[in-house]
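Participant: So Swiss-Prot says this about it:
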COMPBIAS  119-132  compositional bias 'Basic and acidic residues'
COMPBIAS  156-166  compositional bias 'Pro residues'
COMPBIAS  939-951  compositional bias 'Pro residues'
COMPBIAS  952-966  compositional bias 'Basic and acidic residues'
COMPBIAS  999-1008  compositional bias 'Low complexity'
COMPBIAS  1049-1060  compositional bias 'Pro residues'
COMPBIAS  1088-1104  compositional bias 'Pro residues'
DOMAIN    21-117  domain 'SH2'
MOD_RES   S132  phosphoserine
MOD_RES   T165  phosphothreonine
MOD_RES   S241  phosphoserine
MOD_RES   S353  phosphoserine
MOD_RES   Y887  phosphotyrosine
MOD_RES   S891  phosphoserine
MOD_RES   Y987  phosphotyrosine
MOD_RES   S1132  phosphoserine
MOD_RES   Y1136  phosphotyrosine
MOD_RES   Y1161  phosphotyrosine
MOD_RES   S1256  phosphoserine
REGION    119-181  region 'Disordered'
REGION    897-986  region 'Disordered'
REGION    999-1119  region 'Disordered'
REGION    1134-1196  region 'Disordered'
MOTIF     945-950  motif 'SH3-binding'
MOTIF     984-987  motif 'NPXY motif'
Amino acid sequence: MASVCGTPSPGGALGSPAPAWYHRDLSRAAAEELLARAGRDGSFLVRDSESVAGAFALCVLYQKHVHTYRILPDGEDFLAVQTSQGVPVRRFQTLGELIGLYAQPNQGLVCALLLPVEGEREPDPPDDRDASDVEDEKPPLPPRSGSTSISAPVGPSSPLPTPETPTTPAAESTPNGLSTVSHEYLKGSYGLDLEAVRGGASNLPHLTRTLVTSCRRLHSEVDKVLSGLEILSKVFDQQSSPMVTRLLQQQSLPQTGEQELESLVLKLSVLKDFLSGIQKKALKALQDMSSTAPPAPLQPSIRKAKTIPVQAFEVKLDVTLGDLTKIGKSQKFTLSVDVEGGRLVLLRRQRDSQEDWTTFTHDRIRQLIKSQRVQNKLGVVFEKEKDRTQRKDFIFVSARKREAFCQLLQLMKNRHSKQDEPDMISVFIGTWNMGSVPPPKNVTSWFTSKGLGKALDEVTVTIPHDIYVFGTQENSVGDREWLDLLRGGLKELTDLDYRPIAMQSLWNIKVAVLVKPEHENRISHVSTSSVKTGIANTLGNKGAVGVSFMFNGTSFGFVNCHLTSGNEKTTRRNQNYLDILRLLSLGDRQLSAFDISLRFTHLFWFGDLNYRLDMDIQEILNYISRREFEPLLRVDQLNLEREKHKVFLRFSEEEISFPPTYRYERGSRDTYAWHKQKPTGVRTNVPSWCDRILWKSYPETHIICNSYGCTDDIVTSDHSPVFGTFEVGVTSQFISKKGLSKTSDQAYIEFESIEAIVKTASRTKFFIEFYSTCLEEYKKSFENDAQSSDNINFLKVQWSSRQLPTLKPILADIEYLQDQHLLLTVKSMDGYESYGECVVALKSMIGSTAQQFLTFLSHRGEETGNIRGSMKVRVPTERLGTRERLYEWISIDKDDTGAKSKVPSVSRGSQEHRSGSRKPASTETSCPLSKLFEEPEKPPPTGRPPAPPRAVPREEPLNPRLKSEGTSEQEGVAAPPPKNSFNNPAYYVLEGVPHQLLPLEPPSLARAPLPPATKNKVAITVPAPQLGRHRTPRVGEGSSSDEDSGGTLPPPDFPPPPLPDSAIFLPPNLDPLSMPVVRGRSGGEARGPPPPKAHPRPPLPPGTSPASTFLGEVASGDDRSCSVLQMAKTLSEVDYAPGPGRSALLPNPLELQPPRGPSDYGRPLSFPPPRIRESIQEDLAEEAPCPQGGRASGLGEAGMGAWLRAIGLERYEEGLVHNGWDDLEFLSDITEEDLEEAGVQDPAHKRLLLDTLQLSK
């Protein structure tokens, strides 16, 4: 490779450091930031190219813009700046020569290279090596051959540590954490070895001498341990070979340096064999000596049968107050689930001790509907006759029992499905820092997700998962022995012989993946990789290991990491994460332009992340003793760094409801050992959630976390094992029944326009690359045909349809295309480097009319902008057939007012996806937008505000006919049209509008007539956000499971920045007149959502606009990562021309945004889950049309206010409307709890309201 300054490597030789202007691993975004800080024309730096290995990028600042020039090596290793055609090429031997020439004026660059820009070099604290690269003290164990722990360095005055020369803390610290012995070699003897090699020497005598000197103490320690182990081995095995004796005898003979090293390696190998075999020898000897049968294990575990026994659940029938009056008391049922037989038996006990039972086969159970408000309530829809259903609502003993019942029914459906390939699998993720101690004999609680936090119910713990992934750190067990231990434990637990798919190790960091035997042939494209993140990313005991594979048509990635320790090492942990993200080589090689967070349908990231709590130790212990975890989660470093968008951008994590897993006293889970003796003194290790499991999934995919907790009975380590179980939707290797697509039978992906706002000071041209598994090869667009900038740090680039390619999927079937995703990367024309990547789901883009999309751009783990566009996926009519997925069977009833409120949708069966006809039809109903999403406020940097009490809003029914016909036992009611819903905050589809960006209605549009609703058009209802802690995404009853039961949970970051004026569209079915009326303080009326109950946005200073406030936030603080994209809102002043049938633009969203509330930290760092309700109505023409501009029910807030005034309780109108009780027709279902949530606390007032409603029935 060409050199930087006459040295063999770009960074220069070790003896001659690289010049200040050269930055080896600097990213493009970081380079632009350094140049922006320099601020003077002619400032420059050189970094490695991100697009071409071995090439460089010269970045120059001129007139506040960054200009990038590629420096490419030729076949003779000469360097040259890439030039336009016809310009003569100048070649240089080194980068130093090249920079020297271009430092002169008029050499062809935009300006001369005047001011070299150096990187930021933050000095490490004196105890850096001690805190970062050596973990907690371990119990006395023999050294292991696999250990790579760095021994403590010594001072310069003592090259060899001896017992007579104690080291001092001052002598412990050395540059870069390297020992003084190594440092002295690099300074002096390295040159002598170099000269010897140039002279033809085949060995390195000085390096050998250095290694022998460094390992002399290790020699003696290994000899002692080997001698003791040999004696112990002979006790149990008389035939043991006297290997150690021979080794010690050989050592007494004079040896050269190389012979000493070979002897040490041999000893370590013998030591490894001794340690791995001595337990087996001892067990065999003791068993032979025993006259009775071999003793049973200390904690015997019962072998589980392969079949799942019938499970019974005690429930009560949930009925309305009127029905309860007729019946006399609530009826008790026993629900018996026979998974193997595919039956559900409802057993009702009669008063005369007789029993009445009804049996439903699996195919007659049409849907499960989870209540959002009552966590232990479940609605079950049964098929009584053809196309006629009956719903019963049951109250379980606990929410955990309800979840167990749902899992068993889901398993029953899966087991008896007629599909050849599964739609859904279960995945177990486990992470454990073992503390360099062998595991105990019994780790069943870890395998079965039993312990503290969100654990599985006893009924479901024995159900085997499809995939088990075990990540361990400081695991001293050998790879083969560890794999055998895992397989043996699973065999004993499940009677299944799980097959190992992959095992990857880095030092003592290991990841093992095992799958059910039946899935072995469904696994393909297995890949493994590892990354070191220790000293200089080469030494130490920290890093990551990863495994990836395809399960049929779904890609999975698993990363197990061990990051830098120490309370104060947050920045280094962040860098560890970014290094792993960039360097871990997993997945499809064709996707090398994307980091691993975008290469997989589902990516799981777990391990000992080592993020700590920023709080006084006594406060932490007090909160833990009271089991108050919310205040601790607010100061959790990982949550705070995710909030700043520093790490794990848009990853998800389940709610933490278990105590910190580190640092316990070994042998107990009752005491935290927070004092630790280090060579540099006593160190405080506060209890922390070091061990975590996070995940990131593509938009519009299905994933639910069923458990997340830690064990409380495994005490050998100072960490508790952590477990998480997931229900994951998968796709099959699709085979079209109609064969390959012909020219006349081809699907097309067509783009009308794309616009991106990119964080950059460059003004180059850009193009887009499109990748997808549904394409034969990746495609490129032409360069953008328009660009503009109103801010020096951002650039808006636009492509029209002429610049964008038409993509042709390899298969045209909708069942195949609705599971596909499109990866986009925005690249520059000058350096072909990526400025941002994203993923878009095709599912919501299918249809004959163009749909809008909006999502984030990110690069190397950093948010770099956003991108939006208009596209459609055209599918031939004869290939529109689709089927229901198993995970669409369970939904959430977020408008849970009892069984009368709605009729759930039933299984779609052989429903056809009819999105091709989207033309206006005046006879169809229009369903208004009843609530606007309230965007959360950016929290202060010092901590997170407490979440206010949550209130479950009411959503307006989409179908007026269903309101009057729904009953608790809906016999004789035909099933309504099926509904479909997509909910993924990492990607927004709302007729082109991200839900939280919808503005309040402008006065100019207050009386504007609406376009008529369209056939099969998506009807949307966006209720007010849930700001409290939550476990389950709040979604609508009857929706598809993409939203209802885990369609990719909210990402752990803030909502995207509001787009410029042109970004906001009014959905065609938005009725301005149906917006809730909120009375302001002045007594006037304003249409839009009611203001939040608490934490309003603080008033702005006089003369300050919202835009200037955001810009001020950027300028005032050093950490600009949270607000950098918010600056992009000032860029676009050009209208984004809507296509045919699309609505007009709205005024500036900066003036129309609803007030922000506090961020939701229930699921750490996830903003309040959006609830976009999209129902594809197939038979809307049959419904009674609503009057133009009127409410679907015919009764609005006006009727509510008149009724309240009539009984003298008008004071509660605002509270009731704010909580969704804005319709008299549904007010009859209100309960005392609902009234309290709406602010009715007076018992007499509550009684009056309920009695009046009862009489009105």
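Including glycine, each Cβ sits where the backbone N, Cα and C put it.
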Participant: Including all protein chains shown, what's the count of other C-beta atoms within 10 A of the C-beta of S1256 (phosphoserine)?
Facilitator: 10
Participant: Sorry to bug you, but what's the C-alpha spacing from S1256 (phosphoserine) to Y887 (phosphotyrosine), rounded to the closest Å?
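Facilitator: Here the two Cα atoms lie 41 Å apart.
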Participant: Around the C-beta of S891 (phosphoserine), how many further C-beta atoms are within 10 angstroms, looking at every protein chain?
Facilitator: 26
Participant: What are the DSSP helix/strand/coil residue counts across the domain 'SH2' (21-117)?
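Facilitator: Taking each residue of the domain 'SH2' (21-117) in turn, the totals are 19 helix, 31 strand, 47 coil.
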Participant: Please work out the number of neighbouring Cβ atoms within 10 Å of the Cβ of Y887 (phosphotyrosine), leaving out its own Cβ.
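Facilitator: Other Cβ atoms within 10 Å of Y887 (phosphotyrosine): 26.
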Participant: Round to the nearest Å and give the CA-to-CA distance linking S1256 (phosphoserine) with S891 (phosphoserine).
Facilitator: 32
Participant: Taking all residues of the motif 'NPXY motif' (984-987) together, what is their mean pLDDT?
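Facilitator: Its mean pLDDT is 38.
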